[in-house]
Amino acid sequence: MTVIADTSRCFILPDLISYCQFPLRCNPHRDAAQSSTSWLINNYPGMSPEQLVEVRRLDADTLASYCYPDCDVERLRVASDFLAILFHLDDITDTMEEGGTEQLEGTIMDAFRSEGKLDQREDEPRVRVPAKDLWTRFIRNAKPCVQTRLRDNIALFFKTAREEARDRERGVLLDLESYINMRRGTSACLSCFALTEYSIGIELPQYVVDDPIVQALNQSANDLVSWSNDIYSFNNEQAHGIHNMIVILMKSQGLGMQDAIDYVSDLFKQTIDGFMENTQLLPSWGAAVDADVRLYVQGLQDWVVGNLHWSFATERYFGKRGAEIKATRVVELLPKKPVS
């Protein structure tokens, strides 16, 4: 399709879906699993009207169904609820100061270290309730190393979110390399990849997780999800004055908006090519472990392609015009929001 647009008011999304050759799969239990939206709202009273809007338009159920297509209903529900609370944490830390992010981290990590035995407190932070409920259900079936990996990677998310908050308070603009390193933590993708193990009932040995090729595959999948997200979320984030990879390139390298978007698109394509090359370089650890590794790598691919398609199904990035924009790839630039 030939796309013609007024580049002063619009930009063109790169066709990442066509370049990504991974098949899109969907969990057959999608409709049987209850709504994560209702779960989060019911377990987390007192959210602001703006937060409720974001939760309701997220559609974590579809994302979980695309990214964890092989699990049963119970595990799909846990995965969907995890994604719902994770996106909520991402939203609220985007505007928090460092101290607030640190307090939030303490609340969540307290729940995630609890082994499901936390007593309710009268003064308990509201977000602790859904976090505690989620963790209690997760550890019923999650193997020990998978629990540790998810918890450690949530801790990494908060560590980098605190660093991001500190930079935001100080008006620091990161260079591209520094931003990419931070984004690998703030994306929280590695915790989602731990859920891949959980969803299919495997537990990769630590020596496999530490293997350089497996590490490279994890990093590439993380980058692919993060960079496509930065492209798709750019319009909303620029309107609210939030920096992402596009803005970093525009300010640090003097690129125009469309050139910056195309730059990230090129990085995406190079990275997916590298991912495919690395899948052919995996060593062998014996038939049983190799079979689990194949399932895990398939799960990384499910995450990459699932995130691409979900980005147009959710109303988070393009409102109710997702299907239209998926077809045309033309996005009208939103006006800047006034600073409150």
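Positions of Cβ are set from backbone N, Cα and C atoms, glycine also.
Mapped onto three states, the DSSP output places F87 (site 'Plays a critical role in the stabilization of intermediate cation') in helix. Over all protein chains present, the Cβ of F87 (site 'Plays a critical role in the stabilization of intermediate cation') has 20 other Cβ atoms lying within 10 Å. Taken from Swiss-Prot, the feature site 'Plays a critical role in the stabilization of intermediate cation' covers F87.
Annotated Mg(2+) 2 binding site per Swiss-Prot: D90, in sequence order. Listed in sequence order, the residues of the same chain lying 6 or more apart from D90 (Mg(2+) 2 binding site) and placing their CB within less than 8 Å of its CB are T186, A188.
Per Swiss-Prot, the feature Mg(2+) 1 binding site maps to D90; the stated evidence is similarity to another entry.
The predicted model assigns the motif 'DDXXD motif' (90-94) a mean pLDDT of 91. Summarising the annotation, Swiss-Prot assigns motif 'DDXXD motif' to 90-94.
What Swiss-Prot lists as Mg(2+) 3 binding site is N229, S233, E237. In the three-state DSSP reading, N229 (Mg(2+) 3 binding site) counts as helix. The Cβ of N229 (Mg(2+) 3 binding site) lies under 8 Å from the Cβ of S187, N307, S311, each of these being in the same chain and 6 or more residues away along the sequence.
Residues or ranges marked as motif 'NSE/DTE motif' by Swiss-Prot: 229-237.
Neighbour count (other Cβ atoms within 10 Å of the Cβ, all protein chains): 21 for R316 ((2E,6E)-farnesyl diphosphate binding site). The feature (2E,6E)-farnesyl diphosphate binding site is assigned by Swiss-Prot to R316, Y317, with similarity to another entry given as support.
In this structure, the C-alpha atom of S233 (Mg(2+) 3 binding site) lies 13 angstrom from that of F87 (site 'Plays a critical role in the stabilization of intermediate cation').
R316 ((2E,6E)-farnesyl diphosphate binding site) and E237 (Mg(2+) 3 binding site) are 11 Å apart (CA-CA, integer value).
The binding-site residues examined here are E237, Y317; by Cβ neighbour count within 10 Å, the least packed of them is E237. DSSP classifies R316 ((2E,6E)-farnesyl diphosphate binding site) as coil under the three-state reduction.
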